[in-house]
Amino acid sequence: MYLGLKVGVTFASSIPAAVISMAVLKFFKDSSILENNMVQTQASSAGTLSSVIFVLPGLLMMGYWQDFPFWQTMLICAAGGTLGVLFTIPLRRAMVVNSNLPYPEGVAAAEILKAGNHADGDSGVKDIAYGGVLAGLVAFLTNGLRVMADGASAWIQTGKAAFQLPMGFSLALLGAGYLIGIVGGIAMLIGVILTWGVAVPYFTMSEDIAADASLIDSAMTVWKTKVRYIGVGTIGIAAIWTLLILMKPMIEGMVHSFRMLKGGQEASEHRIDIDLSPKTMIYILIATVALIVISLHHFIAAAPISPELSILLVVVCTFLAVFIGFFVAAASGYMAGLVGSSSSPISGIGIISVIVISLVLVSIGNASGLFETVDGQKFLTALTLFTASIVITTACISNDNLQDLKTGLLVEATPWRQQVALIIGCFVGALVIAPVLEILYHAYGFSGALPRPDMDPSQALSAPQATLMTAISQGIFTNKLEWTYILTGVGLGAVLITIDAFLKKVSNKVFSLPVIAVGIGIYLPPSINTPVIVGAFLAWIMARHIAKLGNKEVSAKAERFGTLFSAGLIVGESLMGVILAFIIAASVTTGGSEAPLSLNLENWDTIGEWFGLIVFIVGIVIFASRVLRAKKI
């Protein structure tokens with residue numbers, strides 16, 4: 001949570017939860033893989049709720065809240081998380097069981113649990129351990145000692161146009177890309193090319209550059225303020241299209257569940273195919289909606305508005321939270337399956353949610369006269385962020401939930417038990433969100449919101465996503481938001497959807513273009529996209545090389561070695577991220593540095609970039625050698 005508020009970076013919790021669960025339960029006799037999976041499932045859902053930091057701090061940054069009310073914060077986290085679990089239950093069959101989506105973290109977590117469960121699984125443990133040690137060491141050099149850059153870029157200037165050739169050095173993302181595969185990798189590459197080879201050069205060439213700004217700084221500003229919104233529009237239209245495509249299998253999944261409820265032949269034959277019953281889901285949904293109504297009522301009751309308008313806003317915002325929540329659950333689950341939870345642009349989903357909620361409340365504000373006062377506009381902005389916080393927790397849990405269900409499918413867990421564990425995890429996690437946020441706020445403050453006048457603004461947590469969401473909402477209510485780029489992204493997405501449909505038709509679904517992955521390539525920083533793309537191409541090259549041998553047994557071994565080593569890379573970097581987060585938090589809370597382990601070498605920037613590139617290449621070579629040893633066994 002600290003790192004998310006400081007630099008906008010969070011990490012998927014499923015894999016650290018799997019490792020910790022496996023390590024702890026090893027001390028108990030006869031612990032099983034299913035017990036490990038249950039603990040991992042519950043722990044990961046609790047940790048995922050921390051992503052509420054993408055929106056909620058905005059209420060303090062705009063001056064509407066002075067602290068984080070425990071019950072309101074707890075209720076929206078628990079309710080939003082539970083919605084995320086419920087909405088992904090009918091998606092499980094469509095997106096996990098009957099889908100070829102890779103779910104990289106889910107597969108990695110399953111391999112960890114399998115390797116730790118079998119007494120004869122030494123080879124699996126070794127592959128995971130090798131990958132984990134390598135990625136952990138690289139992460140320590142990068143984020144701990146800070147002697148190695150996490151990425152590098154080559155800039156090409158042609159007149160006023162700036163082209164970037166970027167590269168990130170994350171081995172965890174390299175492993176995620178290996179699991180994602182070539183189709184998703186090519187789509188993300190197209191997004192990167194459209195961004196840094198077309199859009200950014202066009203805007204830098206067509207606009208005047210400030211006298212005191214470098215071309216590189218101007219290019220990065222163009223990406224942040226314009227091109228990223230094109231990615232938001234592309235992701236939005238692609239998510240809607242994906243939801244329409246998935247509607248039929250989702251309905252079939254729900255029909256299957258209702259048949260089981262009636263006691264059909266399939267009712268109890270397959271333990272690994274049983275979800276929570278529709279009857280139970282309806283009861284939980286009603287209770288969850290009641291929690292949302294209660295939290296919204298208490299939030300709105302503090303505003304000086306009429307009882308009738310208060311009731312209207314409670315009803316409308318509850319509907320928006322549930323309706324948009326279902327939409328983002330499907331979109332987030334699909335993106336998590338396509339590119340992984342760590343690379344899934346949750347903040348992009350949050351932006352779409354904030355825009356939709358703001359537009360609805362704008363119409364109510366105009367009709368009710370709330371726009372006539374500054375306080376009325378401030379209240380509607382705050383209500384937008386409060387409602388969007390429910391939606392963002394729904395998106396984050398669904399993003400993580402389907403990874404956990406993929407893990408469960410691979411280790412033959414019972415889905416309904418996992419779903420119960422996920423809901424319990426949501427409530428447990430919700431209990432600690434408000435106290436932790438309160439501690440961080442009073443320890444550091446947020447940008448533009450310091451709890452005490454004597455605090456150092458330079459030490460404040462920037463909360464970049466919350467700042468962005470607040471600015472977008474305020475821009476809509478003050479009619480200052482630039483819509484051109486979002487609509488451009490929608491148009492681009494529509495063109496790409498047409499191309500995808502054409503490719504599938506002429507190739508009999510052999511070729512496709514995942515439009516959401518293209519949008520992700522536009523929206524996310526290139527340091528995240530590029531190692532994923534490299535990993536995807538590495539998997540393709542390895543598969544083609546092994547396939548030339550014509551030995552199916554060797555191909556199967558190579559695939560398993562690659563999966564295990566990828567899992568190790570993801571595990572190592574994730575765990576090192578957790579360890580460094582604790583070290584940094586301990587240092588800062590005691591008045592120390594934000595980089596307590598940094599060597600602070602002078603004139604090291606260029607050397608650090610070359611060092612990072614060399615280590616990244618070495619990591620690729622080691623990865624390939626671990627896969628190719630399948631030919632020798």
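Positions of Cβ are set from backbone N, Cα and C atoms, glycine also.
A quick note: this is a predicted structure, and the numbers were derived from the prediction, not measured.
Listed features, source Swiss-Prot:
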TRANSMEM  8-28  transmembrane segment
TRANSMEM  45-65  transmembrane segment
TRANSMEM  70-90  transmembrane segment
TRANSMEM  128-148  transmembrane segment
TRANSMEM  180-200  transmembrane segment
TRANSMEM  230-250  transmembrane segment
TRANSMEM  311-331  transmembrane segment
TRANSMEM  345-365  transmembrane segment
TRANSMEM  379-399  transmembrane segment
TRANSMEM  483-503  transmembrane segment
TRANSMEM  564-584  transmembrane segment
TRANSMEM  604-624  transmembrane segment
The transmembrane segment (70-90) touching the transmembrane segment (311-331) per 3+ Cβ pairs under 8 Å rule: yes
Tertiary contacts of the transmembrane segment (564-584) (same chain, 6+ residues out, Cβ under 8 Å): 2-3, 11-12, 15-16, 18-19, 104-105, 107-109, 111-112, 115, 124, 127-140, 143-144, 170-172, 174-176, 178-179, 342, 535, 594-597, 623, 626-627
Result, the transmembrane segment (483-503) in contact with the transmembrane segment (230-250) (3+ CB pairs under 8 Å): yes
Intrachain neighbours beyond the transmembrane segment (70-90), with Cβ under 8 angstroms and 6 or more residues off its ends: 45, 48-49, 52, 56, 250, 253-254, 257, 275-276, 281, 284-285, 288-289, 291-292, 294-295, 298-299, 321-322, 325-326, 329-330, 333, 386, 389-399, 401-402, 405, 419, 422-423, 425-427, 429-431, 433-435, 437
Closest-packing stretch to the transmembrane segment (45-65), where packing means Cβ pairs under 8 Å, from 128-148, 180-200, 345-365, 379-399, 604-624: 379-399
Stretch in 128-148, 180-200, 345-365, 604-624 most in contact with the transmembrane segment (379-399), if contact is a CB pair under 8 A: 345-365
Stretch contact, the transmembrane segment (604-624) with the transmembrane segment (128-148), Cβ-Cβ under 8 Å, 3+ pairs: yes
